[in-house]
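In what follows, a single structure is set out as C-alpha cells and then discussed.
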Amino acid sequence: MRTAPSSSDARKAIALSGTEAAAEVTAEVARQMRESGVIPKLAVVLVGDDAASAVYVANKARQAERIGFGSLQIRLPAETSGAELSAVIRRLNDDPSVHGILVQLPLPPHLPAEAVIREIAPEKDVDGFHEVNVGRMTIQSSRNAFVPCTPLGCMHLIHRAIGHELKGLSAVVIGKSNIVGRPMATLLMHAECTVSVAHIHTRNIEQLCRTADILVVAAGSPGLVRGDWIKPGAVVIDVGINRIAGEAGTHRLAGDVAYDEAAEVASFITPVPGGVGPMTIAMLMKNTYAAALQAERANPRRHAGLRARSNG
Ligand code: NAD
C-alpha cells in the first residue's frame with residue numbers, strides 16, 4: 001500500500017500505472033503456470049471487421065502467447081448467422097484443449113450478445129459475462145465464479161493504491177453496463193463500501209461524485225468528470241477509452257476524467273492509456289489460467305497430456 005497525499009497536500013495525485021500492475025499480475029500467472037505445468041488455451045472469437053475490436057482481439061492473443069498460453073483466434077464474417085456462431089461455440093465448449101472462450105463484443109446487430117454469451121460453457125466463460133457467473137459473483141457463491149476482467153482490474157488497482165481494507169468507504173460508480181458498472185458496484189459492495197451508481201439520468205451527479213472516497217468512471221464520455229467533482233484525496237479510476245479524432249486522420253485516446261484537473265485533487269488516479277486497459281488483459285490471463293486449473297482438477301487424466309508436454 002502506498003501513502004496517499006493528504007487532502008491539504010499541494011502535490012499532484014499519484015498516477016496508478018496499470019502497465020506496471022498488469023506486468024506483475026501476468027508474471028505471477030506465468031510463475032504459477034511453470035510451477036503447476038498446466039498450460040491454458042484461450043480461444044477468441046471475432047465476428048465482423050470492426051477495427052477497434054480487431055485491435056483488442058490481437059492484443060489479447062498476443063499477450064496470451066507472450067506468457068506461454070495456447071491461443072486460438074477465430075475470425076468470422078459479419079454476416080455469420082446465429083446458428084453458425086452457436087456451432088463454433090459448441091465446438092469450443094466440447095474441445096478439452098480449450099479452457100477459455102471469449103466472444104469479442106460488440107457483435108453485429110443481428111446477433112444478440114446475451115443469447116450468444118449464454119451458449120458459452122460457464123466454466124470456460126473467462127470474461128465472466130454468462131448469467132451463471134454473474135449470479136455466482138452477485139451472491140458471493142462458494143462455487144468459483146469468473147468475475148468480469150475490467151472491474152477485477154479496477155479492484156486490483158484500488159487495493160494496490162490504498163490496501164485491502166475498504167470497509168465503510170464511500171464509492172461512486174458512473175455507468176451501469178453489464179460489463180463494467182454493475183459488476184464494479186457489486187465488487188465494491190462485497191468490499192463493504194457504501195456504493196452509489198450514477199448513470200445518464202442521475203441528477204446532481206457532480207454533488208454525488210464529491211462524496212466519493214473511490215470514484216470509478218465508466219461512461220464513455222470524454223472529460224465528463226471535472227476536477228471540482230472530486231473529493232480531495234479520492235482514488236479515481238478512469239475506465240473510459242474514447243478515440244478523439246485529430247488532424248489528418250490521426251486520433252488520440254482520452255478517458256472519461258479531465259486528468260490534469262483531477263490530478264490536482266485526487267490522491268491516486270489512473271491514466272488513459274496505461275491505466276485500466278492493460279489490467280483488463282492481465283485479468284483475462286488470470287481468469288484463463290484459473291479455468292485451466294479448474295479443468296485440470298476436475299479431470300486430471302484428460303489434461304495429463306498437457307502437463308507432460310509442458311514438462312518435456
Ligand atoms: P456503455 O455504453 O455500455 O455504458 C455506459 C454507461 O454510462 C451507461 O450506464 C450510461 O447511463 C452511463 N453514462 C453515459 N454517459 C453518461 C453521462 N454523461 N453521465 C452519466 N452517466 C453516463 O459503456 P461500457 O461498455 O460500460 O464502457 C464505458 C467506457 O469504458 C467506454 O469508454 C469503454 O470504451 C470503456 N471500457 C474500457 C475498458 C478497459 O479495458 N479499459 C473495458 C470496457 C469498457
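Glycine too: its Cβ is placed from the backbone N, Cα and C atoms.
Nobody curates TrEMBL annotations by hand; they come from automatic prediction.
Noted in TrEMBL for the protein shown:
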| type | residues | note |
| --- | --- | --- |
| BINDING | Gly175, Lys176, Ser177, Ile200, Ile241 | NADP(+) binding site |
| DOMAIN | 16-127 | domain 'Tetrahydrofolate dehydrogenase/cyclohydrolase catalytic' |
| DOMAIN | 148-294 | domain 'Tetrahydrofolate dehydrogenase/cyclohydrolase NAD(P)-binding' |
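Annotated features taken from TrEMBL, shown on the structure.
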residue: Gly175; record: NADP(+) binding site; Cβ neighbours (10 Å): 24
residue: Lys176; record: NADP(+) binding site; Cβ neighbours (10 Å): 17
residue: Ser177; record: NADP(+) binding site; Cβ neighbours (10 Å): 16
residue: Ile200; record: NADP(+) binding site; Cβ neighbours (10 Å): 10
residue: Ile241; record: NADP(+) binding site; Cβ neighbours (10 Å): 20
Secondary structure composition of the domain 'Tetrahydrofolate dehydrogenase/cyclohydrolase NAD(P)-binding' (148-294) [DSSP: H/G/I, E/B, coil]: 59 helix, 30 strand, 58 coil
DSSP helix/strand/coil residue counts for the domain 'Tetrahydrofolate dehydrogenase/cyclohydrolase catalytic' (16-127): 58 helix, 18 strand, 36 coil
